[in-house]
Amino acid sequence: MSDAPSQPAGDGPLNTATAPSAAQAEAASPLLRNRSFLLFWVTRVSSALAFQVIAVSVGWQVYALTGSTFALGMVGLAQFVPQMILTLPAGHIADQYDRRHIMRACQLAEALAGLTLAATALAGHTPTWLVFVVVAAVGAARAFESPATTSLLPGLVPSSQLQQAISLTSSAMQTAMILGPALGGLLYALGAGLAYSIVTALFLTAALATTLIRLDHTPPRREPLTLANAFAGIGFIRTRPILLGVITLDLFAVLLGGAVALLPVYAKEILHTGPWGLGLLRSSPAIGALAMSLLLARFPMRHHAGLKMFGAVGVFGLATVVFGLSTWLPLSVAALVVLGAADVVSVVIRSALVQFATPDHMRGRVNAMNMLFIGASNQLGEFESGVTAALLGTVPAVVLGGIGSIVIVLLWMRVFPALRRVDNLEALSR
């Protein structure tokens, strides 16, 4: 349960997680005075923390219950299938109704899912089938929440501040994602019931923050849910080769190179560590992503963005190979840090393209397709990793996946030359 991406006043870990650096604060003071943007920041980070905690907890719990790498892969599939089925209607609904209401309803549903797992864990018996049902329910909620959330941001800030808002939100979320897996591992070590109770509280925090967001809302045009309207996002993406190329590059590279589903196996059987070590491994990509997000916020890519993206995805594949071969925890952590740093370059470019190149009345549908591709590269990638590991072994599955990502880079550079020639990201908005 990973896409791609807040903190109220008061004490606690959320404050530490999301406090902006001095450089960020100096550059982003107008945004930090924007109440609606700050509330949006809160809801994004709270949700990110919750998803990371529940991902660690569910992964460890399913592997403890079954001892099966195939079952770990099924966790990703159980979340992805409802997202895939519901993506098109979810995008259409995000363009027809108040996106804040959609977000809040989904966050309350996710809180109920966390409460269900907490109750069964505290009762001392959690059936494996119930875990998969809850994971599928969370996947369904995210199918509606993701396009609404991503499409809401351009309405909260001036267009001149949008790229900066994306960077600040991404860096804050990555910080939360660093703490989330480590927190999840520690909480699960103390008890599954406690871990899932914290998940419930975080989703409720996100719902409250969403409720408090205010904006000058223009009622969207109500269009019927027809096949033509639902598929409009696909048509929009297909007519823009740069957009199609950047989204599908991320899809196939991460689909092949995703090793997250196998982290419980690496933690237990290869690196010989426990829940805390698993949390550290899951946090490591976010550490690299945070560092790169801050670097890009401070020194945005002015030239050769397309070539830099292809290079970054190639580094992503290489880091995956190194991680797959490593039997030493520090090297494994370092490889995952590099992997996360390379991946966030793709996130920044993709986010800028989607937000700037899409009119508001189409953002829900286009972002829904973008979320589907992200879900495919994460959740379906977990399924692919689990199945491949069951057939070939854990290490060969990860190494071959990393090599596959590098091959995809070379192929996409030829298939999408316009993406390779992208120079200045800011020019894409004009």
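Positions of Cβ are set from backbone N, Cα and C atoms, glycine also.
TrEMBL: automatically predicted annotations, no manual curation.
Database features, via TrEMBL:
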REGION    1-20  region 'Disordered'
TRANSMEM  38-63  transmembrane segment
TRANSMEM  69-90  transmembrane segment
TRANSMEM  102-122  transmembrane segment
TRANSMEM  242-267  transmembrane segment
TRANSMEM  279-297  transmembrane segment
TRANSMEM  309-328  transmembrane segment
TRANSMEM  387-412  transmembrane segment
Contact between the transmembrane segment (242-267) and the transmembrane segment (279-297) (at least 3 Cβ pairs under 8 Å, separation 6+):
yes
Does the structure show the transmembrane segment (387-412) and the transmembrane segment (69-90) touching, where I'm treating 3 or more Cβ pairs under 8 angstroms (sequence separation 6 or more) as a contact?
yes
What residues in the same chain, six or more past the boundaries of the transmembrane segment (309-328), come closer than 8 Å to it by Cβ-Cβ distance?
246, 249-250, 253-254, 257, 259, 270-271, 335-336, 338-339, 342-343, 345-346, 349, 395, 397-399, 401-406, 408-409, 412-413, 419-420, 422
Cβ contacts under 8 Å made by the transmembrane segment (279-297) with residues that lie 6+ beyond its boundaries:
21, 23-24, 27, 52, 55-56, 164, 167-168, 170-171, 174-175, 177-186, 260, 263, 266-267, 271, 273, 329, 332-334, 336-345, 347-348
Intrachain residues whose Cβ lies under 8 Å of the transmembrane segment (69-90), provided they are six or more past its termini:
1, 58-59, 62-63, 128, 131-132, 135-140, 142-144, 146-148, 225, 230-231, 233, 261-262, 264-265, 364-365, 368-369, 371-372, 375-376, 378-387, 389-390, 394
If we skip the immediate neighbours and take only residues 6+ beyond the ends of the transmembrane segment (102-122), which ones have a Cβ under 8 Å from one of its Cβ atoms?
43, 47, 50, 54, 57-58, 93-94, 130-131, 134, 137-138, 141-142, 144-145, 148-149, 152, 191-193, 195-197, 199-200, 203-204, 206-207, 210-211
